[in-house]
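Here's the structure we're looking at; comments come further down.
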(Lines of atoms letter the chains of each structure in order from A and count residues from 1; the text may use other names and numbers.)
(Lines give C-alpha, C1' and ligand atoms only; values in the text may rest on other atoms or scores of the structure.)
Protein backbone atom coordinates (compact mmCIF):
# COMPACT_ATOMS: atom_id res chain seq x y z
CA UNK A 1 0.00 0.00 0.00
CA UNK A 2 1.32 3.45 -0.77
CA UNK A 3 0.46 7.11 -0.37
CA UNK A 4 2.35 10.11 -1.75
CA UNK A 5 1.19 13.46 -0.42
CA UNK A 6 1.02 16.40 -2.79
CA UNK A 7 3.60 19.16 -2.62
CA UNK A 8 2.35 21.29 -5.49
CA UNK A 9 1.97 24.37 -3.31
CA UNK A 10 5.61 24.30 -2.18
CA UNK A 11 7.66 27.03 -3.93
CA UNK A 12 10.62 25.74 -5.87
CA UNK A 13 14.02 27.08 -4.79
CA UNK A 14 15.88 29.44 -7.10
CA UNK A 15 19.18 27.64 -7.54
CA UNK A 16 22.04 30.04 -8.30
CA UNK A 17 24.71 27.35 -8.63
CA UNK A 18 28.17 28.75 -9.30
CA UNK A 19 26.94 32.34 -8.83
CA UNK A 20 26.75 31.68 -5.09
CA UNK A 21 30.16 30.03 -4.92
CA UNK A 22 32.31 33.19 -4.54
CA UNK A 23 30.56 33.89 -1.25
CA UNK A 24 30.54 30.31 0.03
CA UNK A 25 34.02 29.31 -1.08
CA UNK A 26 35.34 32.76 -0.13
CA UNK A 27 33.89 32.36 3.35
CA UNK A 28 35.37 28.88 3.72
CA UNK A 29 38.74 29.99 2.37
CA UNK A 30 39.17 32.85 4.83
CA UNK A 31 37.71 30.75 7.65
CA UNK A 32 40.32 28.06 6.99
CA UNK A 33 43.05 30.68 6.65
CA UNK A 34 42.09 32.01 10.06
CA UNK A 35 41.62 28.67 11.80
CA UNK A 36 44.56 26.81 10.23
CA UNK A 37 46.77 29.89 10.47
CA UNK A 38 46.39 29.57 14.24
CA UNK A 39 45.98 25.82 14.77
CA UNK A 40 48.86 24.71 12.52
CA UNK A 41 51.41 26.30 14.82
CA UNK A 42 49.69 25.70 18.16
CA UNK A 43 51.99 22.85 19.18
CA UNK A 44 54.98 25.17 18.85
CA UNK A 45 53.04 27.99 20.55
CA UNK A 46 52.17 25.83 23.55
CA UNK A 47 55.74 24.58 23.97
CA UNK A 48 57.55 27.87 23.33
CA UNK A 49 55.17 30.48 24.75
CA UNK A 50 53.20 28.48 27.33
CA UNK A 51 56.30 26.39 28.21
CA UNK A 52 54.49 23.05 28.07
CA UNK A 53 56.27 19.76 27.40
CA UNK A 54 55.82 18.27 23.93
CA UNK A 55 53.90 15.24 25.24
CA UNK A 56 51.57 17.46 27.28
CA UNK A 57 51.01 19.87 24.41
CA UNK A 58 50.37 17.03 21.95
CA UNK A 59 47.79 15.43 24.24
CA UNK A 60 46.06 18.79 24.84
CA UNK A 61 45.79 19.39 21.10
CA UNK A 62 44.61 15.86 20.40
CA UNK A 63 41.88 16.21 23.02
CA UNK A 64 40.99 19.66 21.67
CA UNK A 65 40.86 18.36 18.09
CA UNK A 66 38.85 15.32 19.15
CA UNK A 67 36.34 17.41 21.09
CA UNK A 68 36.10 19.87 18.20
CA UNK A 69 35.32 17.11 15.73
CA UNK A 70 32.83 15.30 17.96
CA UNK A 71 31.06 18.62 18.61
CA UNK A 72 30.16 18.68 14.92
CA UNK A 73 27.62 15.93 15.60
CA UNK A 74 25.76 18.16 18.05
CA UNK A 75 26.09 21.15 15.71
CA UNK A 76 24.72 19.14 12.80
CA UNK A 77 21.80 17.88 14.88
CA UNK A 78 20.84 21.39 15.96
CA UNK A 79 21.24 22.61 12.39
CA UNK A 80 19.05 19.94 10.76
CA UNK A 81 16.49 19.98 13.57
CA UNK A 82 16.02 23.62 14.57
CA UNK A 83 18.05 26.33 12.85
CA UNK A 84 18.90 25.37 9.27
CA UNK A 85 22.35 25.68 7.73
CA UNK A 86 22.35 29.45 7.09
CA UNK A 87 21.59 30.48 10.68
CA UNK A 88 23.98 27.88 12.04
CA UNK A 89 26.82 29.10 9.83
CA UNK A 90 26.09 32.73 10.68
CA UNK A 91 26.33 32.15 14.44
CA UNK A 92 29.30 29.77 14.32
CA UNK A 93 31.36 31.98 12.02
CA UNK A 94 31.14 34.77 14.60
CA UNK A 95 32.01 32.31 17.41
CA UNK A 96 35.13 31.22 15.53
CA UNK A 97 36.26 34.82 15.18
CA UNK A 98 35.86 35.38 18.92
CA UNK A 99 37.86 32.23 19.68
CA UNK A 100 40.75 33.24 17.41
CA UNK A 101 40.73 36.72 18.94
CA UNK A 102 40.89 35.26 22.46
CA UNK A 103 43.93 33.12 21.56
CA UNK A 104 45.60 36.16 20.01
CA UNK A 105 45.15 38.04 23.29
CA UNK A 106 47.08 35.31 25.15
CA UNK A 107 50.09 36.27 23.05
CA UNK A 108 49.55 40.05 23.03
CA UNK A 109 48.95 40.51 26.79
CA UNK A 110 51.89 39.49 28.99
CA UNK A 111 49.73 38.60 31.97
CA UNK A 112 47.93 35.95 29.87
CA UNK A 113 51.05 33.79 29.26
CA UNK A 114 54.01 32.65 31.39
CA UNK A 115 57.41 34.42 31.22
CA UNK A 116 59.73 33.59 28.34
CA UNK A 117 61.88 30.54 29.04
CA UNK A 118 64.93 31.49 26.97
CA UNK A 119 67.86 29.05 27.17
CA UNK A 120 67.09 27.97 30.73
CA UNK A 121 66.72 24.26 31.37
CA UNK A 122 63.79 24.91 33.72
CA UNK A 123 60.79 27.00 32.74
CA UNK A 124 57.83 28.49 34.57
CA UNK A 125 54.57 26.95 33.41
CA UNK A 126 51.25 28.72 32.90
CA UNK A 127 49.02 29.62 35.83
CA UNK A 128 45.48 28.30 36.20
CA UNK A 129 44.10 31.65 35.11
CA UNK A 130 46.26 31.71 31.97
CA UNK A 131 45.22 28.18 31.04
CA UNK A 132 41.58 29.02 31.75
CA UNK A 133 41.65 31.96 29.34
CA UNK A 134 43.34 29.83 26.68
CA UNK A 135 40.77 27.07 27.14
CA UNK A 136 37.99 29.66 26.84
CA UNK A 137 39.38 30.54 23.42
CA UNK A 138 39.49 26.85 22.54
CA UNK A 139 35.87 26.55 23.67
CA UNK A 140 34.71 29.29 21.30
CA UNK A 141 36.66 27.64 18.49
CA UNK A 142 34.91 24.36 19.28
CA UNK A 143 31.55 26.13 19.15
CA UNK A 144 32.38 27.66 15.79
CA UNK A 145 33.73 24.47 14.28
CA UNK A 146 30.69 22.52 15.55
CA UNK A 147 28.51 24.34 13.02
CA UNK A 148 30.91 25.35 10.26
CA UNK A 149 32.52 21.98 9.57
CA UNK A 150 29.40 19.85 9.03
CA UNK A 151 27.29 22.57 7.39
CA UNK A 152 29.55 24.51 5.03
CA UNK A 153 30.00 21.82 2.38
CA UNK A 154 26.34 20.81 2.54
CA UNK A 155 25.30 24.48 2.33
CA UNK A 156 27.43 24.92 -0.78
CA UNK A 157 26.00 21.81 -2.42
CA UNK A 158 22.49 23.10 -1.59
CA UNK A 159 23.03 25.86 -4.16
CA UNK A 160 22.98 23.34 -7.05
CA UNK A 161 19.85 21.67 -8.41
CA UNK A 162 20.31 17.93 -7.73
CA UNK A 163 17.58 17.04 -10.23
CA UNK A 164 19.40 18.33 -13.33
CA UNK A 165 22.45 17.05 -15.16
CA UNK A 166 24.29 20.36 -14.81
CA UNK A 167 23.41 20.50 -11.13
CA UNK A 168 24.74 17.00 -10.51
CA UNK A 169 28.01 17.72 -12.26
CA UNK A 170 28.21 21.02 -10.44
CA UNK A 171 28.02 19.20 -7.10
CA UNK A 172 30.70 16.71 -8.16
CA UNK A 173 33.08 19.50 -9.24
CA UNK A 174 32.19 21.61 -6.21
CA UNK A 175 33.69 19.07 -3.80
CA UNK A 176 36.99 19.08 -5.71
CA UNK A 177 37.25 22.84 -6.31
CA UNK A 178 36.10 23.61 -2.79
CA UNK A 179 39.16 21.81 -1.42
CA UNK A 180 41.40 23.21 -4.13
CA UNK A 181 40.53 26.87 -3.52
CA UNK A 182 41.01 27.06 0.22
CA UNK A 183 44.02 24.71 0.12
CA UNK A 184 45.75 26.96 -2.39
CA UNK A 185 45.01 30.00 -0.24
CA UNK A 186 46.35 28.21 2.84
CA UNK A 187 49.48 27.23 0.97
CA UNK A 188 50.17 30.84 0.01
CA UNK A 189 49.29 32.37 3.37
CA UNK A 190 50.53 29.83 5.90
CA UNK A 191 54.12 30.34 4.88
CA UNK A 192 53.82 34.05 5.67
CA UNK A 193 51.72 33.57 8.83
CA UNK A 194 54.01 30.90 10.24
CA UNK A 195 57.08 33.00 9.49
CA UNK A 196 55.61 36.01 11.28
CA UNK A 197 54.58 33.90 14.28
CA UNK A 198 57.96 32.21 14.62
CA UNK A 199 60.31 35.04 13.64
CA UNK A 200 58.55 38.37 14.09
CA UNK A 201 55.85 38.28 16.76
CA UNK A 202 53.33 35.78 18.05
CA UNK A 203 50.93 38.65 18.79
CA UNK A 204 51.03 39.89 15.19
CA UNK A 205 51.13 36.37 13.75
CA UNK A 206 47.97 35.38 15.64
CA UNK A 207 46.24 38.70 14.89
CA UNK A 208 46.39 37.98 11.14
CA UNK A 209 44.22 34.81 11.38
CA UNK A 210 41.72 36.67 13.55
CA UNK A 211 41.46 39.44 10.93
CA UNK A 212 41.07 36.83 8.17
CA UNK A 213 38.24 35.24 10.14
CA UNK A 214 36.55 38.64 10.39
CA UNK A 215 36.81 38.94 6.59
CA UNK A 216 35.22 35.48 6.35
CA UNK A 217 32.22 36.76 8.32
CA UNK A 218 31.83 39.75 6.00
CA UNK A 219 31.98 37.62 2.84
CA UNK A 220 29.44 35.14 4.15
CA UNK A 221 26.85 37.77 5.04
CA UNK A 222 27.41 39.57 1.70
CA UNK A 223 25.76 36.70 -0.17
CA UNK A 224 22.74 36.40 2.11
CA UNK A 225 20.22 37.46 -0.55
CA UNK A 226 21.11 34.83 -3.16
CA UNK A 227 21.53 31.70 -1.02
CA UNK A 228 19.16 28.77 -1.25
CA UNK A 229 18.20 28.17 2.38
CA UNK A 230 16.98 24.65 3.09
CA UNK A 231 14.71 24.87 6.12
CA UNK A 232 15.16 22.67 9.17
CA UNK A 233 12.57 19.88 9.00
CA UNK A 234 12.66 18.72 12.62
CA UNK A 235 14.87 16.05 14.08
CA UNK A 236 15.83 13.49 11.40
CA UNK A 237 16.98 11.21 14.22
CA UNK A 238 13.40 10.93 15.51
CA UNK A 239 12.47 9.03 12.37
CA UNK A 240 15.49 6.76 12.84
CA UNK A 241 14.50 5.95 16.41
CA UNK A 242 10.87 5.38 15.37
CA UNK A 243 11.93 2.74 12.85
CA UNK A 244 14.09 0.95 15.42
CA UNK A 245 11.33 1.06 18.09
CA UNK A 246 8.64 -0.12 15.64
CA UNK A 247 10.88 -2.94 14.38
CA UNK A 248 11.53 -4.10 17.97
CA UNK A 249 7.83 -3.94 18.87
CA UNK A 250 7.03 -6.14 15.85
CA UNK A 251 10.06 -8.41 16.22
CA UNK A 252 7.89 -11.53 16.61
CA UNK A 253 6.06 -10.95 13.33
CA UNK A 254 7.08 -13.02 10.33
CA UNK A 255 7.13 -11.87 6.75
CA UNK A 256 7.28 -13.89 3.57
CA UNK A 257 9.90 -13.50 0.88
CA UNK A 258 9.00 -11.10 -1.95
CA UNK A 259 6.32 -9.54 0.30
CA UNK A 260 7.86 -6.06 0.26
CA UNK A 261 5.04 -4.83 -2.00
CA UNK A 262 2.68 -5.08 0.96
CA UNK A 263 4.84 -2.91 3.22
CA UNK A 264 3.39 0.43 4.28
CA UNK A 265 4.48 3.27 1.97
CA UNK A 266 3.90 6.96 2.65
CA UNK A 267 5.87 10.11 1.75
CA UNK A 268 4.94 13.43 3.44
CA UNK A 269 4.24 16.41 1.21
CA UNK A 270 7.13 18.46 2.61
CA UNK A 271 9.72 15.70 2.46
CA UNK A 272 12.97 16.78 0.79
CA UNK A 273 14.36 13.26 0.56
CA UNK A 274 14.66 11.21 -2.63
CA UNK A 275 12.17 8.35 -2.94
CA UNK A 276 14.01 5.11 -2.27
CA UNK A 277 13.00 1.63 -3.51
CA UNK A 278 13.16 -1.49 -1.41
CA UNK A 279 16.54 -3.16 -0.70
CA UNK A 280 17.09 -6.59 0.84
CA UNK A 281 19.72 -5.62 3.42
CA UNK A 282 18.94 -5.23 7.15
CA UNK A 283 15.62 -6.99 6.56
CA UNK A 284 14.85 -7.10 10.28
CA UNK A 285 14.01 -3.39 9.95
CA UNK A 286 11.28 -4.18 7.40
CA UNK A 287 9.02 -5.29 10.25
CA UNK A 288 8.53 -1.63 11.17
CA UNK A 289 6.56 -1.21 7.91
CA UNK A 290 4.33 -4.28 8.29
CA UNK A 291 0.69 -3.21 8.63
CA UNK A 292 -1.22 -5.06 11.32
CA UNK A 293 -4.91 -4.84 12.32
CA UNK A 294 -3.89 -2.71 15.30
CA UNK A 295 -2.27 -0.05 13.07
CA UNK A 296 -4.44 2.95 12.19
CA UNK A 297 -3.84 5.39 9.31
CA UNK A 298 -5.00 8.99 9.07
CA UNK A 299 -7.03 10.35 6.14
CA UNK A 300 -3.98 11.87 4.39
CA UNK A 301 -2.13 8.57 4.72
CA UNK A 302 0.13 9.17 7.74
CA UNK A 303 0.18 6.64 10.60
CA UNK A 304 -1.75 7.48 13.74
CA UNK A 305 1.07 6.04 15.87
CA UNK A 306 4.45 6.59 14.13
CA UNK A 307 6.18 4.66 16.92
CA UNK A 308 4.35 1.51 15.86
CA UNK A 309 4.10 1.85 12.09
CA UNK A 310 6.76 3.41 9.85
CA UNK A 311 6.85 3.80 6.09
CA UNK A 312 9.09 1.82 3.77
CA UNK A 313 10.75 5.15 2.91
CA UNK A 314 11.71 5.67 6.56
CA UNK A 315 13.04 2.12 6.76
CA UNK A 316 15.17 2.56 3.63
CA UNK A 317 16.56 5.85 4.96
CA UNK A 318 17.69 4.06 8.12
CA UNK A 319 19.26 1.35 5.96
CA UNK A 320 21.21 4.01 4.04
CA UNK A 321 22.35 5.47 7.37
CA UNK A 322 23.50 2.06 8.63
CA UNK A 323 25.35 1.26 5.41
CA UNK A 324 27.19 4.60 5.51
CA UNK A 325 28.22 4.37 9.16
CA UNK A 326 29.48 0.83 8.66
CA UNK A 327 32.16 2.34 6.37
CA UNK A 328 33.13 5.06 8.87
CA UNK A 329 36.58 3.74 9.91
CA UNK A 330 39.13 6.49 9.58
CA UNK A 331 42.48 6.24 11.36
CA UNK A 332 44.59 9.42 11.50
CA UNK A 333 48.21 10.11 12.34
CA UNK A 334 49.63 11.74 15.44
CA UNK A 335 50.81 15.32 15.64
CA UNK A 336 53.30 14.48 18.42
CA UNK A 337 56.16 15.65 16.20
CA UNK A 338 55.55 18.46 13.75
CA UNK A 339 58.47 19.63 11.62
CA UNK A 340 58.84 23.33 10.87
CA UNK A 341 55.19 24.32 10.55
CA UNK A 342 55.52 25.84 7.12
CA UNK A 343 56.57 22.50 5.62
CA UNK A 344 52.88 21.59 5.53
CA UNK A 345 52.88 23.75 2.39
CA UNK A 346 54.16 20.71 0.48
CA UNK A 347 51.04 18.79 1.48
CA UNK A 348 48.92 21.66 0.20
CA UNK A 349 51.04 22.00 -2.93
CA UNK A 350 50.59 18.36 -3.92
CA UNK A 351 46.86 18.59 -3.17
CA UNK A 352 46.50 21.86 -5.09
CA UNK A 353 48.34 20.55 -8.13
CA UNK A 354 46.60 17.19 -8.17
CA UNK A 355 42.95 18.28 -7.75
CA UNK A 356 42.67 20.19 -11.09
CA UNK A 357 44.43 17.30 -12.86
CA UNK A 358 42.07 14.83 -11.24
CA UNK A 359 38.92 16.86 -11.92
CA UNK A 360 39.70 17.98 -15.48
CA UNK A 361 41.87 15.16 -16.85
CA UNK A 362 41.58 11.93 -14.87
CA UNK A 363 37.82 12.01 -14.18
CA UNK A 364 36.78 12.59 -17.85
CA UNK A 365 39.24 9.89 -18.97
CA UNK A 366 38.04 7.40 -16.36
CA UNK A 367 34.42 8.31 -17.07
CA UNK A 368 34.87 7.27 -20.71
CA UNK A 369 36.68 4.13 -19.59
CA UNK A 370 34.33 2.97 -16.83
CA UNK A 371 31.06 4.71 -17.68
CA UNK A 372 30.78 5.95 -14.08
CA UNK A 373 29.81 9.58 -13.43
CA UNK A 374 32.85 10.21 -11.20
CA UNK A 375 35.25 8.02 -13.16
CA UNK A 376 35.66 5.74 -10.16
CA UNK A 377 33.34 5.12 -7.23
CA UNK A 378 33.78 7.10 -4.03
CA UNK A 379 34.70 3.92 -2.15
CA UNK A 380 37.42 3.17 -4.69
CA UNK A 381 38.68 6.71 -4.23
CA UNK A 382 38.73 6.28 -0.45
CA UNK A 383 40.49 2.91 -0.75
CA UNK A 384 43.27 4.48 -2.80
CA UNK A 385 43.59 7.19 -0.15
CA UNK A 386 43.88 4.64 2.68
CA UNK A 387 46.60 2.81 0.75
CA UNK A 388 48.49 6.07 0.27
CA UNK A 389 48.15 6.78 4.02
CA UNK A 390 49.99 3.54 4.78
CA UNK A 391 52.71 4.45 2.28
CA UNK A 392 52.97 7.90 3.90
CA UNK A 393 53.66 6.36 7.30
CA UNK A 394 56.27 3.98 5.88
CA UNK A 395 58.08 6.85 4.17
CA UNK A 396 57.84 8.93 7.36
CA UNK A 397 59.42 6.11 9.34
CA UNK A 398 62.27 5.73 6.86
CA UNK A 399 62.97 9.50 6.84
CA UNK A 400 62.90 9.71 10.65
CA UNK A 401 65.30 6.77 10.90
CA UNK A 402 67.70 8.53 8.51
CA UNK A 403 67.35 11.83 10.40
CA UNK A 404 68.22 10.22 13.73
CA UNK A 405 71.13 8.25 12.21
CA UNK A 406 72.65 11.44 10.77
CA UNK A 407 72.15 13.29 14.07
CA UNK A 408 73.99 10.57 15.98
CA UNK A 409 76.83 9.85 13.53
CA UNK A 410 77.59 13.17 11.82
CA UNK A 411 78.29 16.75 12.89
CA UNK A 412 75.13 18.52 13.98
CA UNK A 413 73.88 22.06 13.46
CA UNK A 414 73.80 22.86 17.17
CA UNK A 415 71.59 22.04 20.13
CA UNK A 416 68.07 23.12 20.99
CA UNK A 417 67.41 23.43 24.74
CA UNK A 418 65.62 20.38 26.18
CA UNK A 419 65.30 18.80 22.71
CA UNK A 420 68.81 17.71 21.82
CA UNK A 421 71.12 17.99 18.83
CA UNK A 422 69.78 19.35 15.53
CA UNK A 423 70.32 16.86 12.71
CA UNK A 424 72.19 18.07 9.64
CA UNK A 425 69.85 16.12 7.34
CA UNK A 426 68.32 18.33 4.68
CA UNK A 427 64.73 19.19 5.48
CA UNK A 428 63.89 18.43 1.84
CA UNK A 429 63.76 14.79 2.89
CA UNK A 430 60.44 15.68 4.50
CA UNK A 431 58.89 16.71 1.19
CA UNK A 432 57.93 13.19 -0.07
CA UNK A 433 55.91 12.32 3.02
CA UNK A 434 54.05 15.65 2.90
CA UNK A 435 53.41 15.24 -0.81
CA UNK A 436 52.03 11.74 -0.22
CA UNK A 437 49.88 13.11 2.62
CA UNK A 438 48.43 15.63 0.16
CA UNK A 439 47.53 12.87 -2.29
CA UNK A 440 46.05 10.89 0.60
CA UNK A 441 43.78 13.83 1.41
CA UNK A 442 42.83 14.27 -2.25
CA UNK A 443 41.61 10.69 -2.42
CA UNK A 444 40.53 9.69 1.10
CA UNK A 445 39.29 12.95 2.66
CA UNK A 446 37.49 14.43 -0.33
CA UNK A 447 36.12 11.01 -1.21
CA UNK A 448 34.81 10.55 2.31
CA UNK A 449 33.09 13.95 2.38
CA UNK A 450 31.45 13.21 -0.99
CA UNK A 451 30.47 9.74 0.22
CA UNK A 452 28.65 11.01 3.29
CA UNK A 453 26.91 13.80 1.39
CA UNK A 454 25.57 11.51 -1.34
CA UNK A 455 24.73 8.42 0.70
CA UNK A 456 22.75 9.98 3.55
CA UNK A 457 19.09 11.02 3.27
CA UNK A 458 18.75 14.64 2.18
CA UNK A 459 17.41 15.86 5.53
CA UNK A 460 20.49 14.47 7.33
CA UNK A 461 23.27 15.97 5.24
CA UNK A 462 24.60 18.18 8.03
CA UNK A 463 24.76 15.12 10.27
CA UNK A 464 26.45 13.29 7.41
CA UNK A 465 29.10 16.00 7.27
CA UNK A 466 29.64 15.72 11.01
CA UNK A 467 30.42 11.99 10.75
CA UNK A 468 33.55 12.85 8.75
CA UNK A 469 34.75 14.94 11.66
CA UNK A 470 33.62 12.33 14.19
CA UNK A 471 35.99 9.94 12.43
CA UNK A 472 38.74 12.51 12.84
CA UNK A 473 37.76 12.95 16.49
CA UNK A 474 38.09 9.24 17.08
CA UNK A 475 41.53 9.38 15.45
CA UNK A 476 42.56 12.27 17.72
CA UNK A 477 41.47 10.47 20.87
CA UNK A 478 43.03 7.18 19.76
CA UNK A 479 46.19 9.04 18.85
CA UNK A 480 46.37 10.60 22.31
CA UNK A 481 45.72 7.21 23.90
CA UNK A 482 48.29 5.52 21.67
CA UNK A 483 50.91 8.15 22.50
CA UNK A 484 50.31 7.63 26.21
CA UNK A 485 50.45 3.82 25.96
CA UNK A 486 53.59 3.78 23.81
CA UNK A 487 55.26 6.42 25.99
CA UNK A 488 54.55 4.46 29.19
CA UNK A 489 55.22 0.95 27.88
CA UNK A 490 58.44 1.69 26.01
CA UNK A 491 59.71 3.94 28.80
CA UNK A 492 60.33 0.86 30.93
CA UNK A 493 61.55 -1.33 28.08
CA UNK A 494 65.08 -2.39 27.24
CA UNK A 495 65.06 -0.55 23.91
CA UNK A 496 64.30 2.79 25.53
CA UNK A 497 61.38 5.21 25.23
CA UNK A 498 60.22 5.66 21.62
CA UNK A 499 58.80 9.13 22.30
CA UNK A 500 61.44 10.97 24.28
CA UNK A 501 61.65 14.75 24.50
CA UNK A 502 65.03 14.41 22.74
CA UNK A 503 63.99 12.60 19.57
CA UNK A 504 67.55 11.54 18.88
CA UNK A 505 67.33 9.28 21.94
CA UNK A 506 63.91 7.96 20.98
CA UNK A 507 62.58 5.78 18.18
CA UNK A 508 59.86 7.82 16.54
CA UNK A 509 60.30 5.77 13.35
CA UNK A 510 59.00 2.70 15.21
CA UNK A 511 55.90 4.67 16.11
CA UNK A 512 55.32 5.53 12.44
CA UNK A 513 55.69 1.86 11.50
CA UNK A 514 53.19 0.95 14.22
CA UNK A 515 50.65 3.35 12.71
CA UNK A 516 51.34 1.87 9.25
CA UNK A 517 50.60 -1.62 10.61
CA UNK A 518 47.34 -0.41 12.18
CA UNK A 519 46.54 1.26 8.85
CA UNK A 520 46.92 -2.07 7.04
CA UNK A 521 44.39 -3.66 9.38
CA UNK A 522 42.10 -0.68 8.82
CA UNK A 523 42.43 -1.02 5.04
CA UNK A 524 41.53 -4.71 5.21
CA UNK A 525 38.41 -3.92 7.21
CA UNK A 526 37.50 -1.14 4.80
CA UNK A 527 37.77 -3.50 1.80
CA UNK A 528 35.40 -5.96 3.47
CA UNK A 529 32.86 -3.16 4.10
CA UNK A 530 33.28 -1.76 0.58
CA UNK A 531 32.63 -5.14 -1.04
CA UNK A 532 29.44 -5.54 0.98
CA UNK A 533 28.19 -1.95 0.58
CA UNK A 534 25.23 -0.94 -1.63
CA UNK A 535 25.20 2.61 -3.03
CA UNK A 536 22.33 5.06 -2.78
CA UNK A 537 22.42 7.04 -6.02
CA UNK A 538 20.13 9.43 -7.87
CA UNK A 539 18.82 8.39 -11.25
CA UNK A 540 20.46 9.99 -14.26
CA UNK A 541 18.73 13.02 -15.80
CA UNK A 542 18.90 13.70 -19.52
CA UNK A 543 18.22 17.42 -19.39
CA UNK A 544 18.00 20.33 -16.97
CA UNK A 545 14.26 20.06 -16.33
CA UNK A 546 12.80 20.33 -12.86
CA UNK A 547 11.32 16.81 -13.02
CA UNK A 548 11.59 14.96 -9.74
CA UNK A 549 13.92 11.96 -9.96
CA UNK A 550 13.59 9.02 -7.58
CA UNK A 551 16.56 7.55 -5.80
CA UNK A 552 17.67 3.94 -5.89
CA UNK A 553 20.26 1.68 -4.35
CA UNK A 554 22.58 -0.56 -6.31
CA UNK A 555 25.56 -2.74 -5.66
CA UNK A 556 29.06 -1.36 -6.45
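Each residue, glycine too, has its Cβ placed from N, Cα and C.
Checked against TrEMBL, the range among 106-130, 131-155, 231-255 recorded as transmembrane segment is 131-155. From the options 317-337, 338-358, 401-421, 422-442, the stretch TrEMBL describes as transmembrane segment is 338-358. Taking TrEMBL as the reference, the stretch among 43-64, 65-86, 175-196 described by the feature transmembrane segment is residues 175-196. The transmembrane segment (378-399) shares the most Cβ pairs under 8 Å with 510-533, out of the stretches 131-155, 175-196, 202-221, 510-533.
Taking Cβ pairs closer than 8 Å, the transmembrane segment (131-155) reaches residues 24, 27-28, 31, 35, 50, 64, 67-69, 71-76, 78-79, 85-86, 88-89, 91-103, 105-106, 112, 175, 178, 227, 449, 453, 461-466, 468-469 in its own chain, all 6 or more past its ends.
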